[in-house]
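K.L.:
Pasting a structure here, questions to come.
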């Protein structure tokens with residue numbers, strides 16, 4: 001910037017010098033304005049570039065966010081599949097706990113049942129139940145006692161088979177040293193079965209653990225990518241920058257215009273001065289004052305130019321930031337492409353794990369049958385032992401007769417019941433060649449009473465009472481009249497049973513022709529022994545049966561409540577997703593009285609199926625005892641989603657309930673949808689069949705309907721039984 005001209009008096013003012021200063025100021029102003037114009041034009045291009053980069057960043061960011069949403073849905077799908085597998089595994093764990101608990105209870109009961117020493121001391125090489133060898137062990141032939149002579153046998157059998165050589169009485173009194181039924185159980189077979197199940201369960205856990213970290217890994221990866229996305233915020237206000245530049249450029253233009261006017265005036269003054277024209281003192285002072293203001297104008301132009309340059313630098317910085325964001329987004333897109341390939345492999349691996357896990361779960365369900373079979377075997381062992389005690393007591397009745405004659409015979413007159421003192425016909429019984437002598441151990445009375453009570457409970461008699469076959473007199477025979485009536489009753493009963501069995505097999509053949517349908521789900525709650533509480537939330541649970549179609553391929557399943565003779569009581573839940581594996585329902589207390597005759601139908605539409613639960617008990621009902629379940633109106637539940645009843649097309653004439661099968665005869669042939677009844681979970685092996693278990697696993701869910709035993713019970717109790725009793729009494 002040129003120095004200010006020295007202050008001169010009017011007489012000393014040099015017009016040429018003033019014109020020279022004005023020319024230099026004009027050149028300086030033009031240079032500053034030119035530089036500012038260049039910066040302003042560059043800033044406009046930079047502003048356009050920044051806007052274009054920001055638009056690209058925003059568009060790519062939106063695309064990345066959409067891809068992240070798709071990836072999150074895939075991760076959620078993997079997590080849902082794992083959740084379904086875990087729920088099915090937890091359901092199996094519950095069944096295993098129930099089976100092993102029942103087995104432990106049975107074994108504890110065996111451990112509390114003592115066995116007298118005479119039962120096993122004479123055959124120390126053989127267990128009470130034939131040693132119970134494992135399946136893997138070869139059967140060891142039983143040792144046979146050395147054959148005795150006829151005289152030795154007769155002497156040994158004197159006293160109706162009671163062995164005269166008794167053990168030490170002190171040992172028999174100390175029951176703490178006695179063996180129990182559990183000592184004769186095959187503990188190794190039990191341990192092998194439990195270890196096999198535990199090993200297979202560990203294998204299933206390892207298979208499921210291969211994809212256990214997939215959901216967490218995907219979630220963390222997606223979160224990191226989402227957090228790493230650049231923010232699409234406007235760091236620089238383009239409008240503010242351009243507006244500021246326009247304002248500053250206008251100010252500089254005005255200042256440059258004033259410099260040009262001042263230069264023109266000074267140039268004209270120099271020309272007039274050269275032509276000899278004299279200026280008045282006032283004009284000279286004005287020209288000198290204007291020249292003194294030139295440095296201030298130049299300074300303002302420099303400041304304005306600096307402002308425009310700073311705005312350009314700000315735009316350049318914003319452009320660099322946008323370019324960096326765009327580069328980050330390109331890297332993110334590459335990462336997403338790689339993540340897509342990884343997620344495809346994860347989906348394939350999860351699908352393989354799912355199929356393998358279902359196969360293992362099916363195998364584990366089959367292995368539970370082994371545990372349940374063991375439980376039923378040892379329950380049968382204990383029942384057989386109770387009957388063994390009773391049988392031994394029966395064989396000792398001869399000794400009871402001798403004791404009676406010894407105690408009371410001397411007190412009775414000789415002319416009363418003369419034959420009572422006559423001993424029964426004596427026989428000389430000798431063992432067959434090669435057979436050993438039968439020895440009967442002593443049985444304490446308390447053990448005998450306990451065994452009789454247990455057998456009575458198993459046969460349906462009240463403890464302390466005797467069955468018809470136990471009414472024999474002291475000789476071990478029934479009265480002639482009772483024996484004849486009993487024989488007639490047996491003959492009639494056998495013919496009735498044959499007739500019922502022939503009818504059953506005929507109807508079963510018709511049911512087999514109707515065909516079966518594979519079920520989709522398998523109810524696990526409620527089951528036969530379940531007790532639900534009315535007025536409270538009840539949990540309904542099921543699992544996939546492991547067959548095609550899969551459970552999660554079905555939609556819009558309804559859960560219906562039935563009772564009595566197939567009376568529809570209402571809808572517990574509507575539009576239930578079978579893949580949820582459970583549903584919470586509400587049973588109205590005013591529905592009916594307490595009963596054990598309720599059951600549930602699971603009805604699906606896509607594909608169509610109907611699955612029945614076992615009959616269960618509902619308590620806490622507020623209805624009167626005279627309320628008949630079959631007369632309850634449809635829709636008696638308070639479920640807001642109730643869709644009403646599904647009416648019958650034709651009222652059935654009769655219905656017969658059999659385990660896992662329903663046979664219905666109607667008046668007219670009506671085409672009705674095939675239904676599927678799922679019995680309760682199998683409780684033992686395929687050779688033993690419970691009331692709720694089908695004969696084969698393939699028939700577990702393939703049945704034609706459901707039937708009720710109430711009509712059959714009514715006819716047997718109130719029609720057939722009185723008729724048989726009348727015929728018996730007439731005989």
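The backbone N, Cα and C atoms fix where each Cβ goes, and this holds for glycine too.
Caution: TrEMBL annotation is automatic and unverified by curators.
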K.L.:
Scan 639-670, 671-702 against TrEMBL and say which stretch is down as region 'Disordered'.
P.N.:
671-702
K.L.:
Select from 121-176, 177-232, 233-288 the stretch of residues annotated by TrEMBL as region 'Disordered'.
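P.N.:
The range carrying the region 'Disordered' annotation in TrEMBL is 121-176.
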K.L.:
Summarise the model's confidence over the domain 'Autophagy protein ATG17-like' (26-399) as a mean pLDDT value.
P.N.:
80
K.L.:
So how many of the residues in the domain 'Yeast cell wall synthesis Kre9/Knh1-like N-terminal' (525-618) end up helix, strand or coil by DSSP?
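P.N.:
Computed counts for the domain 'Yeast cell wall synthesis Kre9/Knh1-like N-terminal' (525-618) are 9 helix, 55 strand, 30 coil.
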